[in-house]
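Okay, so here's the structure we're looking at.
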Amino acid sequence: MVKVKNEFGVWDYVVFVAMLLISSGIGIFFAFKGGKQKTQGEYLMANRNMPILPVAISILVSFMSAILILGTPAEMYTQGTEFYISMIGMFFGVVLAALLFVPLLFPLKITSVFEYLELRFKSRNARLLGTFLMVISQVLYAGLATFAPSTAFEAVTGFPSWATILISGAVATFYTSIGGMKAVIWTDVFQAFVMVAGMLAIVIQGIISVGGISRVWEINEKWGRINFFNFDFNPTTRHTTWNLVIGTCLAWMGSYGTGQASVQRYSSLPTLNNARKSILLNMIGLVILITSACLSGIVLFAYYADRDCDPLGSKLVKNSNQLIPYFVMEVLGFPGVPGLFIACLFSGSLSTVSSALNALAAITWEDVLKPYLDKGLSEYKKTVCTKLLVVLYGCLAIAISFVAQQLEGTILQAAVSLLGAIGGPLTGMFVLGAFFPWANSYGVIAGGLCGLGMNLWLAIGSYVEGIPRLKFPYPNGTCLYDVNASMETVTTTVITMTTNVINTTAVITEGGSSMFEDFYKISYMWFTSIGILTVLIVGLIVSFITGANSLNDVPLKYQIPLFSRLFCCLPDSLLYKLNCCRTFQHPEDIRSDEKNAEIIVTTLDAEGSHTDEKSGVDNRGYNEDSQCNEDNLDLKVNMTSPSYEDSLQDKSNGLIHSTNGTMLMKIILQDSKNRQEKDTIIERF
């Protein structure tokens, strides 16, 4: 088979550059729209009033990076279709996140998810431990996600990867820093469509080139690639139905339920019902993206097997992650289509990086800097500090990308394995707090550290020992390609990774002598489960040793009534007993108690007489007569009486001014626990 080299042409560059410019343009638009990102409520939480569909899409693509687009087809090409079963676990994880953790965290109106750990365990150290782990993992993830597509771009264009890293990193940092959460969410929506378009182009044209989907399936079945279920109970087997479903379920439950990027997004919605829907809608997106990526892999194999060629074995590519870019340049040689694929690849990267930068800025401000700087800075200066944090982390991500570029592939894969070891312990800390009221601060800190240590030990050991992989037959014919078309000169490495669980591809070491050899060969799909289990066991033991809480010591709003959430159809009397004879509030009631207030507007005329008008506030924090921005206490009164018709809102300080200057307006915020007063300034116009 002789291949004619396809160049990356003018139209391809036009498509790619257009994607970058539109992404930047969205950031510029939201930098000057509305409140112009001058308050942290708008910058970090989009004023908690976003539409549901954009938020759902943003959550989806936050966990779908270029690594998915390159790594999943490579997995299907080399190991067959078994990995597709992990989507069952993803569905379970999404449902558990929506039913269990969204009703727990959304009513608390928190910006940093780790604030929950401090509220639940009454320990700032527990909060900082979670923050520290999150910062390390997200900085590494952002850097690696920036690096991954640059290698593919260099492979198909010859454009130096260092320049691509700078451009993509700068674009993500730019629109995230100036546009805030709104820019990140709406840019994610645009990039999601680019990702789907690019992946569908590969699948559709590939199927046409092979001769139809039935032909694709026939070829893969002939070569033993169609293998969905494996009910082996051996924990050292790399992929089984059990570890794919259970491991992926727990990993995605953590990502969607307690991950900062996800919590920050669904907390930007006005109601709990919308927050739940935003998570559940991800199941539709998962089907589209995961199925497209997996189909790309089997189409890729069918195309080359039908031509008795294996680009990987023939050294036309350096590693399996370069197969998709190589395939695109051979098969999708239409003007603009290779550019669409590269735009698809970078859209996955930009969406992940921007989400990570926004999340990092939020937790760094809320958990680390806010206790020291909050009182001394104005709202505008606080927002500027947060924007500078985005720039700082963006530069750090770019620096890590350059470091990754210089590392040998095997060392880089080991670093990614360390990254994957952090997800389990983090999820375990939230599970310990939410389901076990006896756990105390000593327990969660000890459990978190031991869970991290266990996972790091396992990840490093499994890398050293090597992970057994299934060996499939490959075509052994000679691929007669033009040497100029070969990607053999490309010496970069792309990482194979799926969301929070990492797949290292080290060469297997035969005849290992380590006494822990079998332990180290445990499948990477069990890492999250082991991390969570370690946190729970150690956390409960330490808690009981140091003086466990009693059943009623922890407020119920910080706990999850498991049976009420999962088996709500059971009789109330039975649920009461299953919940240890405790009555849990409905999440909407918790939200009302925490943040909603009754607004009383007291007006005094020149003679000192006064009238009171009450305005109830619904679960969103406002109604048709009054509006309360709960992040900065901005209040807008728009009563029907003539004396209020021309009232104005000063968004910079949240004070109400009467246009006729004859009234003193006192705003009283009161809830079930306290009463606060905020006098307004009298200003004559």
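Every residue gets a Cβ built from N, Cα and C, even glycine.
Not measured: the values here are computed from a predicted model.
Residues annotated as transmembrane segment in TrEMBL: 52-71, 83-106, 126-147, 159-178, 190-213, 240-258, 279-304, 324-346, 384-404, 410-435, 442-464, 524-548 (among others).
When each of the listed stretches 52-71, 190-213, 279-304 is scored by C-beta pairs under 8 angstroms to the transmembrane segment (324-346), 190-213 comes out highest. Counted over residue pairs 6 or more apart, the CB atoms of the transmembrane segment (126-147) and the transmembrane segment (279-304) come under 8 Å in fewer than three pairs, which marks the two as apart. Counting residues 6+ beyond its ends, the transmembrane segment (159-178) has Cβ neighbours under 8 Å at 20, 23-24, 26-28, 30-31, 37, 146-147, 149-151, 153, 184, 187, 346, 349-350, 353-354, 357-358, 387, 390-391, 394-395, 397-398, 401-402, 405, 492 in the same chain. The largest share of C-beta pairs under 8 angstroms with the transmembrane segment (190-213) comes from 279-304, of the ranges 52-71, 83-106, 240-258, 279-304. For the transmembrane segment (83-106), same-chain residues at least 6 beyond its ends with a Cβ under 8 Å from one of its own Cβ atoms are 72, 75-76, 113, 116, 228-229, 239, 241, 244-258, 262-263, 266-267, 272, 275-276, 279-280, 282-283, 286-287, 290-291, 294, 430, 434, 498, 558-560, 562, 565-566, 587, 591.
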